[in-house]
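Enquirer: Have a look at this one before I ask anything.
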Amino acid sequence: MYFIKPQVFLSLWLEYFETMKISYNWLKQFIKTDWDAEKTGELLTDLGLEIEGIDTYESVKGGLNGIVIGEVLTCKQHPNADRLKVTTVNIGEAEPVQIVCGAPNVAAGQKVPVATIGTTLYTAEGEAWKIKKGKIRGEESHGMICAEDELGLGESHDGIMILDADLKVGTPASEVFKIENDAIFEIGLTPNRADAMSHYGVARDLKAGLLQKDVQLELITPSVSSFHVDARSLKIDVDVKDKEKAPRYCGVTISGIKVEPSPDWIQHRLKSIGLSPINNVVDITNYVLHELGQPLHAFDANKISGNKIEVKTCATGTKFTTLDEVERELHEDDLMICDAEKPLCIAGVFGGVNSGVTEGTTSIFLESAYFNPVSIRKTAKRHGLNTDASFRFERGIDPNITEYALKRAALLITEIAGGEISSDISDTYPNKIEDFQVRLSFDNAKKLIGEEIPRETIKSILTSLEIKVNNVTETGLGLTVPAYRNDVQREADIIEEILRVYGYNNVGTTEKLNASISNSTRFEDYKLQNIIGNQLASQGFYEIMTNSLTTAKYTELSDQLHTDNNVQMLNPLSTDLGVMRQSLLFSGLEAVAYNINRKRSDLKLFEFGKTYHHYSDNREEYKHLSLFVTGNKSEERWNTSVTASDFFYLKGTVEAILQRLGLNRLKSGPIKTDVLSEGVSLSVGKKKIVSFGLVKKSILKHFGISQPVLYADFNWDNVLELVQHNAIKFKSIPKFPEVRRDFALLIDKNVTFEDIYTVAQQTEKQLLKNVNLFDVYEGKNLPSGKKSYAVSFTLQDEHKTLNDKQIDKIMSKLQSNFESKLGAELR
């Protein structure tokens, strides 16, 4: 739950918006800045790469603070425990310390890591525990001699770590073991910035930003000049049959590798950004992905039938088991990587369970490609998959970096996993994706930015962003934009790039701001929405905003909703978000369930939202106001007892809204629907204004809700139509007194107060000001099928005082009509 205002909270849903993690140390491999992480983060935010937070990464949690190198001077058997030893350890202080140790391998003369008093250690689950002075079986212990798993340096707990005998006593362990400390930027990345989905891409922006701060640094690109083919002993033919879905496809084979855990430096890089190391080959493909932004995939070459790769689609219904061991049915539009016999991988999305790299793999086929973004997006959504690779492919990567990234990964694999490059690079790229040509007008840049930026500065900014200046005239620039910047294809995009690097804060404002005061008498519905929203908030209600996207299954819960009326999403985020809602009820109940599951069972919620409906010839959307009430009316307090919310509490809230809207004379009637077990509908003429009541238990059960929930649904479009025609009339307060008379009416049980109210209004339209039901009795001393209503009638003449004769005449007429029209008897 996210609290937005003191009186308002939002039940928020996941948006298609990614947070990307960037390692500060990794970033500095590309650009050698001496700016600290915080200052660098501020600059990246100014450049449009918003830093949502900076986390700290430690390869060893706690950084080994408080751990020192000690020497075991003596080691004796514990007098009161067979499995414990009492040691004296020199830790570099004035006197040795006594430590009780349970490790079987502890002995005098060893150099060991010692956690001193006050040191905080961490379990594998990250829970902290502090070393304290204590007694173990009667013997004092002033620290702990550590095993490698207790320090976070490994997984072994067979005994204490025995260190190099040459180490100096008292040396901090952090100086002995290589500890990686890093700052991790969490960047809120917008979908258009596919070029910044890597450390190299962020470094490219950082270089441009630093240049505007008069810090000129070179962008360091990993060299692949040493790439060469060692032997052409393992050739795998590549046939790209669907070149529209796979505009570029590269591959190379590497043989003689040994699959094992990656070296520490790669593991630390991946762990720092939240990835779990798997093995050296897979880790390198992930490393290059986050380094350069190019997804890669490694196939076990011995599992490729016929030594052939085919890039094509398969027939709808083809079975394929992915790496997560889920069998999926393919669609005829899914692009697949196949061998001569079978599919191996969903291209750009997810690998297959039978073709991946394992510990027994000795040869691989390494893939680097550019796939059609639309094709990848549809396939990923169709199968409910969202991977690092698909996330990048569907936004559009750099089509001209595929071969470079392939060489970079191949060199790392041969360096770390051994082996040799066993084939030439296969590069299928029949139609090169060209760079964009854009013309920039200096005048248009000035108009959009609001001030003139020096032309040399403009050229410097564009060049630093790898946008090539082809020609310069008095009026503007001819530019070539790299293909990887698919979000920069118009002049306005160029101006935006100039402005974000130049700095929004560097654009000055004029000393005088001109403004005009508007005076509109036009009806504005948002103002009415704010009035009612504030009224509900003052009554203890919280505003929620639920997702307009929902599951089609909810349509089946109500006969009033029809599957044919669902507005279907072409590319749904998931199967549970495949249609647009026809009712606010179900998304609201999800919010109710969410809060109840988090121990917030007393709820009063409201939402202004829209519903969406598809008809044969068009689509419609309607505005609604929904209320949800469950649990107690108010919090438990020492001086008041709690009472449960009930139908009449919701009814009072609905009536207060209608009164504030100026809608007083509404026709009411009982309703029972497939979602409400009992309720009331209020309308004006044929326009339904609101229906409210108790949600059926069968509906609540679907959401796991066991307590009663009351629901009201206002047709806000009808409300707005009626309210905007309301005229405000002013009149003086009546000077003459009101008169009250009461009737106790014996009526049939099927007669409602609404019936009595209607007859009374029809009987006396001028002087009858109010009709109120103040008592109901059913039980003893009444005939079967009867009930007693005690009703008060308020009469008033605004121009004179009523006399008894006038009053009696009206009451007599009311009695006569109640008897004739409702079968009532006066008690």
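Cβ atoms here come from the backbone N, Cα and C positions, even for glycine.
From a predicted model like this one, the values you see are computed outputs, not experimental measurements.
So TrEMBL lists these for the protein:
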DOMAIN    61-174  domain 'TRNA-binding'
DOMAIN    433-509  domain 'B5'
BINDING   Asp487, Asp493, Glu496, Glu497  Mg(2+) binding site
DOMAIN    734-827  domain 'FDX-ACB'
Enquirer: Going by DSSP assignments with H, G and I as helix and E and B as strand, what are the residue counts for the domain 'TRNA-binding' (61-174)?
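Expert: Its residues divide into 6 helix, 43 strand, 65 coil.
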Enquirer: Relative to the Cβ position of Asp487 (Mg(2+) binding site), how many further Cβ atoms are located within 10 Å?
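Expert: There are 18 of them.
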Enquirer: What is the Cβ neighbour count of Glu496 (Mg(2+) binding site) at a 10 Å cut-off, with all protein chains included?
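Expert: Within a 10 Å radius of the Cβ of Glu496 (Mg(2+) binding site) lie 16 other Cβ atoms.
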Enquirer: Asp493, Glu497: which of these binding-site residues has the sparsest Cβ neighbourhood within 10 Å?
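Expert: Across Asp493, Glu497, these binding-site residues, the one with fewest Cβ atoms within 10 Å is Asp493.
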Enquirer: Apart from Asp487, Asp493, Glu496, Glu497, which residues in this chain have a Cβ no more than 8 Å from the mean position of the Cβ atoms of those residues at the Mg(2+) site?
Expert: Arg485, Val488, Arg490, Ala492, Ile494, Ile495
Enquirer: Based on DSSP, name the secondary structure state of Asp487 (Mg(2+) binding site): helix, strand or coil.
Expert: coil
Enquirer: Can you tell me the mean pLDDT for the domain 'B5' (433-509)?
Expert: 93
Enquirer: With DSSP helix as H/G/I and strand as E/B, how many residues of the domain 'FDX-ACB' (734-827) fall in helix, strand and coil?
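Expert: Final tally across the stretch: 30 helix, 32 strand, 32 coil.
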